[in-house]
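Asker: If you scroll down you'll find the structure; I have some questions about it.
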Amino acid sequence: MLFNQIASNKRKTIVLLIVFFMLLAAIGAAVGYLWLDSLVGGMAIALIIGFIYAFSMIFQSTNIVMAMNNAKEITVDEMPDYYHIVEDMAMVAQIPMPRVYVIDDPSLNAFATGSSPQNAAVAATTGLLAIMNREELEGVIGHEVSHIRNYDIRISTIAVALASAVTLISSIGGRMMWFGGGRSRRSNDNEGGGYLQIILLIFSLLAIILAPLAASLVQLAISRQREYLADASSVELTRNPQGMIRALQKLEQSQPMAHSVDNASAALYINDPKKKSGLKHLFYTHPPIADRIRRLEQV
């Protein structure tokens, strides 16, 4: 059951990334049709921008992410119990020892970052370290180490980059639509144009307007799938599903983080740091904890 769940989540994430690139191609085609008279040319430019964004984000420094979240690096002498749990989980997962950080915040939360296991880091809040017992903390750290081992952070980073690329291209297209005249000006030379031109024009306008929203939804879906996979992988590392389940139950009762967390960082945490309510599951950065517990109970 555990390995089937891991394989299923990996397949779903691949599908979501394919959808992301299709969305990027669609918005590129829309802008290309309106301003370059070339669907293919617009698609090519959009995909190139997407790849540039993705690679630049992959090599972004871990220090920047930690600074954005007010995290402080610690040594084994400062917090030996926490440090040794990270060390143990990394050893079981057969990855290099990540750098270890702590966030001075009373809420219960943790996250991992880095483009690969070789330059990864783990951070936990002081609230988490104070409330969780060893088995529960092993479950949480196992979850974060699983993100590193499974290259989840790289996938999440690519998703952020592609969403940013879609938003950029859509913004450019929108500005050109308002200030440039675009194809509508050239279309005056082609009276009539036929139904195909009208359909393509409508498609292009809708793509420019709706693509950023669609990109955000795909990004959130990728984040949710990664959380399910990391939960399952943590149990694989600790061989203790009850420890992870009890940790999730405590996380469910946690308050939002005291310091402000930007939207890009929110998806990295094991628990939604903003604790938004009143929204449909479609707009959550994380799957409902009750669903995560239910899946672990089936292991």
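Glycine is no exception: its Cβ is also placed from the backbone N, Cα and C atoms.
Quick paste of what Swiss-Prot says about this protein:
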- Glu144: active site (ACT_SITE)
- His143, His147, Glu227: Zn(2+) binding site (BINDING)
- 14-34: transmembrane segment (TRANSMEM)
- 39-59: transmembrane segment (TRANSMEM)
- 158-178: transmembrane segment (TRANSMEM)
- 198-218: transmembrane segment (TRANSMEM)
Asker: Cβ within 8 angstroms of the Cβ centroid of His143, His147, Glu227: which residues besides those meet this for the Zn(2+) site?
Answerer: Ala112, Glu144, Ser146, Asp152, Arg226, Leu229, Ala230, Asp231, Ser233, Ser234, Ile270
Asker: When neighbour density is defined as the number of other C-beta atoms within 10 angstroms of a residue's C-beta, which of the recorded positions Glu144, Glu227 has the lowest density?
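Answerer: Each of the recorded positions Glu144, Glu227 was scored by Cβ atoms within 10 Å; lowest is Glu227.
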Asker: With an 8 Å cut-off on Cβ-Cβ distance and a minimum sequence separation of at least 6, pull the same-chain contacts of His143 (Zn(2+) binding site), or say none.
Answerer: Ala110, Ala230, Asp231, Ser233, Ser234, Met244, Ile270
Asker: How many Å separate the Cα atoms of Glu144 (active site) and Glu227 (Zn(2+) binding site)?
Answerer: 10
Asker: At a 10 Å cut-off from the C-beta of His147 (Zn(2+) binding site), count the other C-beta atoms across all protein chains.
Answerer: 28
